[in-house]
């Protein structure tokens, strides 16, 4: 729950001076991105902005305290303030903030600005006491906020110091409205108005001016002088002389003498006790001070001018002026040290009664009451965990003695889940092992089963499927039906283990069961995870259309539950990119991969490895080797600076080896082959992928025999495990092996098998990536006119894609190539004596690439009759009579120049 007072603009009090000159300056605030009000404590920053905000509707107010350095808490309150200003316009952001379903503050703000794009009225967001923020992540996020906020939004920041918000840049660009302490200082006229409304006996204008000069227009000093004069302890001028030249850091002695020592003991204790509350209402005051009629007492304190502020229009919530509140808290520690723990306990109990466990924890920690802290955690810790209050929980658990954790194993489990969420896998097992060693009878029953479910999740995350399977099975055997969260975890882990083992049918059933349980109990991140796993399994089985439909369900879940910022969203868009790539929808595949990188923009660059590999695949499928090389440089740098799952390494190696194949880089392939991992098995898609990488490198190096052994074994495993997509890929690579080894009939046989299987998988780009060798074979099959209709159609589609993206031979017949060809000692004499024109060389290249006359005309943007003339001329010069002879002649020329065709 959010504390309402933190989102309430302070009420404009009676007897305050209206700062007309400053309000006039603020009237143009909507013309600036940032309005910055800075001064030391007590200069009237909050009072000024509350005057300016009076009557404005499209304004949100966020009052900070020290606890707002937690990113999640900061995000929740800031979005709530925007919702307040827009009357609930940004519903998606609100849900994301409440459920902590965002990757970072910047990504949450990016979503906020998308929603605010439809809000066209002027909008204001006030953040008070920004000097309390010390978290550099929040500073950086707010700099992002200011850079990208909509033009109709003005951010108003109140701070005691200059905040780290890129102020200089805003100032240069005239996007900053500044009001500092010199402007906030009271003028002679304002000081006179102030005393006139505060004192029963007016003072002369000259006296008022001297007092104002003595304290340099400091509003707090003027307030103290008025308070002192009302209490008749000193004359106003005498108080002013005493305050002259001091500042907020030297006020303590003055406040003791002039405030605390001039109230009765009951009021003094009321002030000291109530000051431990960052915000207060009637119920909190009653419990903390022991006085009834807390609301009346607060209103009385307010009337006495003792630096108390109303925080909302209803008058329910109050707080002390920060300067006075800090002073009172310090005095409370000195004067009521013995009572202080009990006061904090009372505050914690009252906050709990009002449904604010995080505030209660703050006071339980301050009281040093481990028993109270334990009880709060036992009742509310999992709710706080699910709302990502991780820093607060970690601090709380550290404050509990180990014996208290042992007496309450649920708290040990919570601490272990905290470690797991931070990827501290080794510490999880150490903690649980220690607990099991010291807790009697823990090795049996429900708690042990919950430990095992968590251990299973850690084991699968850490790449240990056998141990994960053992632990997940134990957990499911021991967990009661009602322990749904741990049952979801264990079922998901078991499904993932079976996926790794290639038992796809059983794995799919368990992941469907996980989805059903997770949806039933609103455990949305596991529901999303199970859908992603289902899609991967269906892809591996060759059911790409069903995989697509499962992905659609996952995207719908993300939209409904606002899970866009979860890292798992990247996993989903990445496997969507893989599917689109397989179907040769390259532009969409690239866009999907780039959106995955955007999801991970606030994470370590190493997390982007998979999406980067997907972008390289798109470049390779287009034949764009320059772009692929540029991206590969970055990929190889990431590989050298991180630890990755074998699936990630396999995908990264795949694009590297394909690139070496396309560029003929045998040295790189040989070096990689010497050092790369040789998996013991090949019973899942990523192990199959790594062995396929090895076979491709062996083929490039001419090591046909070992490559054939690898591929035949892969095919045997793929058939037995029904890894149909892997079988399709393996057949294509085996085709390349046979083609290059001169075993043309074997090459044709496996190519026909691959085309037939592609009717199920829908593969296109996997054929295209093999380039001209594949194009030649497909041209021959099409010319034979013996393919079934579906295979014939697919072969024509693949050939069109190769012709579009892999015009290697057309590229070879450029001016530089022709010049080198004509100077080659073995060039046919006929070409030397009767050379082709540059246009005729281009036409020959397109004929060789499989283009029809109409396609050549379209490519070169000339009439079809012109192309016929060019063809007739080049046939005559080459001494050939038909198209196939021209193709064979071009092939001989390319071989002569050293191109493997």
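Just so you know, glycine gets a Cβ as well, placed from its N, Cα and C.
It is 853-872, from the ranges 853-872, 873-892, that Swiss-Prot records as DNA-binding region.
Confidence for the DNA-binding region (853-872), expressed as mean pLDDT, is 87.
Residues near residue 45 (ATP binding site) in space but far in sequence (CB under 8 A, at least 6 apart, same chain), listed by position: 37, 38, 39, 128, 158, 184. In the three-state DSSP reading, residue 44 (ATP binding site) counts as coil. Secondary structure counts, DSSP: the domain 'HTH luxR-type' (829-894) has 51 helix, 0 strand, 15 coil. For the recorded ATP site, residues 39, 40, 41, 42, 43, 44, 45, 46 set the reference point as the centre of their Cβ atoms, and the other residues of that chain within 8 Å of it by Cβ are 160, 181, 184, 219, 220, 323.
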